[in-house]
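Colleague: Have a look at this one.
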Amino acid sequence: MPPPRLGSSILAASCRSSKPVSLLRRLGVVGSCPPDVRHNASEVPPPVGVPQCFHQGALPRGHVLGSLRFFHAGASEHSSEVHASEILRTLKSVGGGDSIDLGTALHQFDAKIDEDVVLKVLQKQRSNWQVALAFFKWAVGLPGYVHGSRAYTEMLDILGRMKKVRLMRQLFDEIPEERQGAVVTNRMFAVLLNRYAGAHKVQEAVEVFYLRKDYGFELDLVGFQILLMSLCRYKHVEEAEALFREKKEEFPHVIKSWNIILNGWCVKGSFRDAHRIWNDIIASKVERDLFTYGTFINALTKDGRISAAVKLFNSMWEKGINPDVAICNCIIDQLCFKKRIPEALEIFGEMNDRRCQADVATYNTLIKHLCKIKRMEKVYELLDEMEAKGCPPNTRTYSYILKTTEKPKDVTSLMQRMEQSSCKLDSDTYNLVLNLYINWKYEKGVQQVWDEMERSGSGPDQRSFTIMVHGLHSQGKLDEALHYYTTMKSRGMIPEPRTKILVKAMYMKKDGAATEDESPSMTGKSLKLDPRSRIFHVQK
């Protein structure tokens, strides 16, 4: 049985108390002994660096997990890509929506479906959950095919990512009982924990952790740390710390668990709590590692205590603890943020002498801040140095430089350089270029970027539609802007508040009366467009 629901106020109170409280134990959340559990007999030791919880069971060579089909591994990859591409074209032609019926459209692919094909199609539809779910359900009814762990996990992740947590839980509960042993894995539970936390469903996340027992999985330290990380990632640090302290008897306070809570407070921006945890770690006599130092140095810098951070950084050398590249990057980044770029470049130069090789994040930090002050000669010098030293630039590197471009040909030149260095564009980069082109009124470029996003499966996402709605409005193309808005909503994407206000203004301009997103709070107020941010501000 899952534990009773937890109240945030109870958790917060237990966290702030000077002495550990037993509220969570009385609620049945902690203190119980784990029952006998099964261990997957098919599980084998994972590769080095991969946690056991993310490792799936070993299967015979050539077998597709969850599928009854067998084939030669050599030809499978190519055929899967071909079939997935054909299916994606068909899905695009039939459109989407809640009432989508794929039975007739995809009948020709009945004999070509295996889990690899399903997985590739789902991965290309991550931003279109309705079509992804319709396709997933269509595949369930095919003779000779059943979904495996990878397909279920991907579909659950898509629904959770789009904040459709009720549908996510419904899909999980609908996994056939006879398939649960092969389908439900530690990785699936990790996805559920992360997506519930991301939707700020703290009680449900805790309940899912305890639900592991019902499926025969052990309530182990790794699983508990995944729960803590998921809660902290989405700023539910008080609840995470309360669980951490109350579960001390069952899950020892190892340094990794301390680091998760310390990092959680740092990410949330509470230096007072981060400092409190730092002192608790010292008092606990647990040996601090590089991540502990790096996290607290980061907390110091974010609180504006750059001098204290540099002092702690230097003390590491004195104690014989060599800072790694992540810690050096933190110091360099904050020095740049404080406009102390010469000092940052000095530490950058000393890294090689101290046998600390700069990585892409080091270069990105320097390039980012050098771009801000328009020192483009130094930027391209660092870019050349990255390639010469075998440290290939990534999409973030190019994004910083793209923001400084002023003409379409500059963008084209950088994109060609990205292609030559095998740097694949992601959705953020596509949206950046899309925003540049729409602001420059470069219609051909806008269409090319939009088509490429659809082809690659990197979008268009909610941000892409928002850019088009605001950009087309700024050009006076109200009908086109409203078309993109309607399409965005039909795909289940939630418009930003500023976009709703903008659309209201467009309807007022077109029809003389608001017909979209009526709001009494707008009565007696007017909208004024900021020419730089392209955002409407409400004025009385």
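Placed from the backbone N, Cα and C atoms, the Cβ positions cover glycine too.
All annotation found in TrEMBL is predicted automatically rather than curated by experts.
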Colleague: Between the candidate ranges 457-484, 513-540, where does TrEMBL place the region 'Disordered' annotation?
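Modeller: My reading of TrEMBL: the region 'Disordered' range is 513-540.
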Colleague: Take the repeat 'PPR' (289-323) and count its residues per DSSP category (helix H/G/I, strand E/B, coil), listing them in that order.
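Modeller: Within the repeat 'PPR' (289-323) the tally stands at 26 helix, 0 strand, 9 coil.
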Colleague: Averaging the per-residue pLDDT over the repeat 'PPR' (324-358), what integer do you get?
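Modeller: Averaged over the repeat 'PPR' (324-358), per-residue pLDDT gives 89.
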